[in-house]
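Participant: Before I ask anything, here is the structure I am working with.
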Amino acid sequence: MKKYDLSDKYKAIVIGGSAGSFQGVVKILSNIPENFKLPIIMCLHRLKHVRNGFVEALSIKSVKPVHEPFDKESIKRGRVYLAPANYHLHIELGHTFALSTDRLENNSRPAIDITLETAAYVYKEKLIGILLSGANRDGAKGMKRIKDRGGMTIIQDPSTCMIDTMPTAAKNLTEIDYSLDVDEIINFLKQLDSQYK
Amino acid sequence: MQEIEIANLRKLTEVVKATYNYDFTNYAMSSFKRRISRVLDLFNFQSVDALIAKVESDPKFFETFVQEITVNVTEMFRDPSFWRLLREDIVPNLLLNHSSINIWHAGCSSGEEVYSMCMLLNEMGILDKSKIIATDLDKGILEKARSGRYKLKNMELHEKNYIRFQGTHSIKDYYTIKGDEIQMNPELVRNVSWREHDLVNGPVFNKFDLVLCRNVMIYFNQNLQNEVLKKIHESMFKYGYLAIGSKESLIWCEIANKFIVVNNEEKIYKKIKE
Ligand SMILES: C[S@@+](CC[C@H](N)C(=O)[O-])C[C@H]1O[C@@H](n2cnc3c(N)ncnc32)[C@H](O)[C@@H]1O
């Protein structure tokens, strides 16, 4: 089993991926400890005009309910959040969410770069970014920002991705701390959680 | 994209306030900062100071600046289920005790929401019982709204939304195609008055039975949301309705207790106290 350089300094986890990473996300959310302590903030590419269904589908399998935050809602420990359809999800100073309908970035709304970059700004070195399988380059700049601010970067091992454009783009742009398959990511999260009392 | 110091943003908003009386001080920081970065990139400014100097000295550029930092993305019949609820529940309720209804679109952007409302009212046969005021802070975008000209390629999305709204016509009945643009039938908006108005610094100018302020307050921080909601409250008749965006919430505003939730999914509230 892999060993990771872990501590309890981290305050949040952001996960990016595209529609193709749905299975991986489901597996992660159904295998993390029930009282997982850090907030998990997910930005996944999804159909822009389907407001319902996605969060419910994730919640059924997840050990915790998955919640699409409202504008200006505060980020709470131990909760799992998903960027709502057709909105960009920003993290604000003071640890609240803010939504915007700003133009598409990387052809996407929600755009992973926006969530990752704004989270990096707020959480600095206390952030872990995980980028899963995906078909475009969204998220690469966000991962670079996380690394530049001292946070930890993890990608899904490109050789285990259905479509590896997304993690590969991140790897080419910035330093990646760990390249892991989905089971290893689960294991990583378990080890991380055990750092917290 | 350049990372901007908050202190520099403060300087910029102070200058804008002093020079033009627009107050962006309490806009939600993260997305505001992102849009300022974009302005820096777009016009090749080397620093926020250079942008400040330009904004201060060039009112024409300031208009462009406002267009760039406001988010104008909108759709016809955005959230079709919301529009169905308006047609099936909210508007009929208003008609029970009103012979005519006053509607305000606050932050109407390029007007798609207003045209949607007029189609709805038209299909209910009450367009001429309605008086609509549509306002926005951004002059340029209001011009576009007034002109009723949109890109043809956007109509595909609007049409999909219209079909999910289950309109009784075809959306194509409401416009003519001119090259790669469409022209909305101006008759549709005969009862609409388009006006420049600032929700932050502008006056309370009228009273309404139905206010739509969707996806506007998300660009404000919580303090400003609270202030603006007070003004909206003042602009409403008792028992009037307020609609906000589907992912907005009033619950953390002080004044929320003067409203009740009519529909939580579609974010429709009713004013119950002065
Ligand atoms: C995203 S659009 C919303 C359009 C439409 N209501 C919708 O939901 O699709 C936001 C609009 O709010 C306007 N806005 C921003 N600040 C404003 C202010 N202080 N007063 C009035 N309008 C404002 C912007 O110019 C922009 O057109």
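Keep in mind that glycine also has a Cβ here, set from the backbone N, Cα and C atoms.
For reference, TrEMBL lists these features for the protein:
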type     : residues : note
DOMAIN   : A:6-185  : domain 'CheB-type methylesterase'
ACT_SITE : A:Ser18  : active site
ACT_SITE : A:His45  : active site
ACT_SITE : A:Asp138 : active site
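How buried are these features, and what lies next to them?
Facilitator: In this view, A:Ser18 (active site) is surrounded by 22 other Cβ atoms within 10 Å of its Cβ, with every protein chain counted.
Counting only same-chain residues six or more apart in sequence, the Cβ atoms lying under 8 angstroms from the Cβ of A:His45 (active site) belong to A:Gly17, A:Ser18, A:Ala19, A:Ser108, A:Pro110, A:Ile112, A:Gly134, A:Asn136, A:Asp138.
There are 30 other Cβ atoms within 10 Å of the Cβ belonging to A:Asp138 (active site).
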Participant: Express the predicted model's confidence over the domain 'CheB-type methylesterase' (A:6-185) as a mean pLDDT, rounded to an integer.
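Facilitator: Mean per-residue confidence for the domain 'CheB-type methylesterase' (A:6-185): 95 out of 100.
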Participant: Work out the three-state DSSP category of A:Ser18 (active site).
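Facilitator: Where A:Ser18 (active site) sits, the three-state DSSP reduction gives coil.
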